[in-house]
């Protein structure tokens, strides 16, 4: 999510941070880096004396940048002399692990129980324990986007966990600090990369073993989108290559703007029911993927995997890609553009216009809606006082555009619920009631819940037209609550909702953007409460200042006695920045546990 003006941050770390229980981890990392640096210097000197360089063959397996478009900020392979044993990232992790083992006698050390990673035992007592958050608000942490990666070893492409030992240490550290669980992307472009219905969950199997062994829970996101084009994306993970190959011959499978630009981050909902992909429709492909995931991991449902979040658009969110910042077309706070110009969307629009008795409305989207970086007063369509958004044509188009998004979610959630709830899946007791004949009826629910994400499109919220929300697919204006239909649909599917921008304040944004993340979040909270939809929150950007933490706590608990407005908070994201600000994050976790 866009974020532009931050308040002056208060210091995030205490001068006495060395007393934190994470101090041994920091010391170990520093020691490993010093040792690695000294060793590399010796090896570099040997290389110069011999006048030759050799790439270490095992330290960094080759990533599939050329074949699959995977890109990362991973370091270059270590340069060493023949026969030299240069330290790799794995050795770095082993030094940290050894250091922590030696420090186990100290009170502040990180405790790491041994886990048999060769077996897939589904009995994880730690995962069955009550919430680590007590009576407060549970906190989940997002894992790095590239936690699972694709490499080539011995001429085979395999999925692996990056920096496994560091991941082990981090997971146990999170658990001891009171984190409830982790959120992880299950990438379509990684799992089904080899071809239709060829699923590779091996790395995720290993990941879930580690998460369960640490006593944490998992929120698994079925990520049917590509990574690399959104704010905060640190790697590139494309759609499966066989999908991209089909797109080479039929560009209309992608969302398209009025200039004809194709967005390859995800498939257009216009072709949801068109069998273009080796005899399958997109909805069928999503169904088969979720079904394969559930077949592989259903023994962990409820105890370890607590939610399957279904990706429904760019960044996994239910919206149109109306503000594509990654390729430079859009900049905050532009109104964005409607994404209805692929041939499948245009055909749906044509039929809807004919059904409304105005075939002239079905030829294209609004002609006067400006461009990605327009303001509301630059366009005839979004102008607060004279804009055509508030005419009969505007109401027709915006209703159709938003309804297409709503129907897309309904189609995908219907098939997802079928496979997640089919016979044999784990279930838990929900309630009991007396029947009229004197019998007792017991009701059970799926052990693993289903959820989706909505984007916090907060810019232009204070204008009448709410232009940015309209182009994203949310028909929400000052006179119309556009989130109620989404809540009704979620209630029908017994699904939960995750919403972003819970850390933002109105005063942190430029006035010309008419931003109001606070009012937007309040509207979504009230809409979710009206339909009894469980609502969780995410921060849009990674921040560790007290202003952000205060706002997240306020969003979770509210100012009044009505507590528990959010069922959980998911914090973005685990990584170096989190551990560099560990003292501030630890205080935040303690606050969320104790409703402070």
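The backbone N, Cα and C atoms fix where each Cβ goes, and this holds for glycine too.
Predicted automatically and left uncurated, TrEMBL annotations should be read as such.
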Scan 42-73, 74-105 against TrEMBL and say which stretch is down as region 'Disordered'.
42-73
Quick check for the class: what is the C-alpha distance, in angstrom and rounded, between residue 185 (substrate binding site) and residue 317 (active site, proton donor)?
12
Including all protein chains displayed, how many Cβ atoms other than that of residue 539 (substrate binding site) lie within 10 Å of its Cβ?
25
Can you tell which of the binding-site residues (458, 573) has the fewest other C-beta atoms within 10 angstroms of its C-beta?
573
When a 10 Å sphere is centred on the Cβ of residue 538 (active site, proton acceptor), how many other Cβ atoms does it contain?
24
Residue 573 (substrate binding site) to residue 538 (active site, proton acceptor): how many Å between their Cα atoms?
10
